[in-house]
Ligand code: BES
Ligand code: MN
Ligand code: ZN
């Protein structure tokens, strides 16, 4: 997809002869109002803009986009009013996330349009830019008739007295949004084209472009290294598993951060086969892998003063004559043994190997993310990732996740659940014998492989990684690109505060 071109305009934005002029609306306590900064547009309409918009049904609610012809009131052809929702606080305050979503909804509504000018930047330039690029995303590689392209060019009005360097704000927003869109592309690519080997090739291309080092362990290398979890899960497919290691290091790195992401390119459940309904959505079971690859590339692009090393276990979970079985015992990387009671709990097995390997680099922090459990969706729904791990770092990650707008909620690892992973013959079983606290017992399983004393966070994105409903805000149907913005923000926070 070609992304829209973004720019900042110094000249009078309202006087621009664009195809569309984007303004924000608010759902005030007394009905529709205009977002701060739109007063001049209102004057151009003789003070009647609210009435005009209300006449065609505008309420200012989130995800509402109303277009009215300008008919010469301003040089733009149409005025596009995008709803911010209700303001929080007395002075029509809106959050960055409200701006991001409103910009995303407007960008979706402007597909096929050449040139738009946006006043949303008067509220928050970075959020307006990010929302525009995220909302304009479409995945059309597999359509012979791709339809309307994204809005071509969006110019942002420069807020008066803006803090910092607006060009730098635009650049960072663009880099972050394009990393999210890279992750989305990977998630949306079907598993007949995206399997461990081809994923590795794409990751290598991305790494090369950004000056990130990459090493790829193939099956032979995995066998030599003793990666029993990855080999066990990948054994049922003719497309063999891989383990990627991507490394970016700033010459004056203040901290070293390990990233791990689950890369099951398709999860059928294996011999413990899943039911057919929605099995197609298991093409998104590599969303964690996509996010960490995009994040290490982003860290390099933005030159974070960090060392960031991503480990990405890739496998296809299929049933066959060579597949691993319920009842098998796997010897994991590092030597621990695991009794497989359910081949559909495969993510934790490939992750265990990768987490053990990641600790050998002696990182200061570990962030791991996966579409790990259906129980996450049951507990927190489709839009809120569950965050587990070492108490302090877990809380820090969850709070940052909410600040980015991706959401995230700290979840416990209750001690009494650990015993339910005891195995009758190995060190550990891969599932408990019951369905209670499924997200948490998966977290417990991972904890067994985290080096003592390493601050770590596990982000379960089973629901949030993939949008199987209609688009909303800046979130398209399909891969959402979570939790790239959370990881980026945590990395930025570590770079700043250690
Ligand atoms: N990839 C699934 C988890 C998942 C479910 C992701 C729904 C996205 C949406 C994972 O490998 C899995 O199958 N987990 C099992 C674990 C169970 C066997 C303990 C689950 O959640 O049912
Ligand atoms: Mn599974
Ligand atoms: Zn899975």
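Glycine too: its Cβ is placed from the backbone N, Cα and C atoms.
Under a cutoff of 8 A between CB atoms, and with a sequence separation of 6+ in the same chain, the neighbours of residue 262 (Mn(2+) 2 binding site) are 285, 286, 287, 288, 289, 313, 347, 350, 351, 369, 370, 371, 372. Marked as Mn(2+) 2 binding site by TrEMBL: 262, 267, 285, 346.
Of all Cβ atoms in the protein chains displayed, 19 besides its own lie within 10 Å of the Cβ of residue 344 (Mn(2+) 1 binding site). The feature Mn(2+) 1 binding site is assigned by TrEMBL to 267, 344, 346.
According to TrEMBL, the active site annotation covers 274 (among others). Residues near residue 274 (active site) in space but far in sequence (CB under 8 A, at least 6 apart, same chain), listed by position: 267, 268, 282, 344.
Taken from TrEMBL, the feature domain 'Cytosol aminopeptidase' applies to 342-349. Remote same-chain partners of the domain 'Cytosol aminopeptidase' (342-349), defined as residues 6 or more beyond its termini with a Cβ less than 8 Å from a stretch Cβ, comprise 229-230, 232-233, 262, 264, 267, 269-274, 285, 315, 317, 319, 323-326, 330, 332, 370-372, 430-431, 442, 445-446.
Annotated active site per TrEMBL: 348 (among others), in sequence order. Sequence-distant neighbours of residue 348 (active site): residues of the same chain at least 6 apart with a C-beta under 8 Å from its C-beta are 372, 430, 442, 445, 446.
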Mean per-residue pLDDT computed across the domain 'Cytosol aminopeptidase' (342-349): 99
Candidates near ligand 3 among the recorded positions 262, 267, 274, 285, 344, 348, judged by a Cβ under 6 angstroms: 267, 285
Secondary structure at residue 267 (Mn(2+) 2 binding site), reduced by DSSP to three states: strand
Long-range Cβ environment of residue 346 (Mn(2+) 2 binding site), under 8 Å and at least 6 residues apart: 233, 264, 267, 270, 315, 317
Contacting recorded positions, sequence order - 262, 267, 274, 344, 348 vs ligand 2, Cβ under 6 Å: 267, 344
Cβ under 6 Å from ligand 1: qualifying recorded positions of 267, 274, 285, 344: 267, 285, 344
Remaining residues near the recorded Mn(2+) 1 site, that is with C-beta within 8 Å of the centroid of the site residues 267, 344, 346: 233, 264, 268, 269, 270, 272, 274, 282, 285, 317, 343, 345, 347
DSSP-derived class (H/G/I helix, E/B strand, else coil) of residue 348 (active site): helix
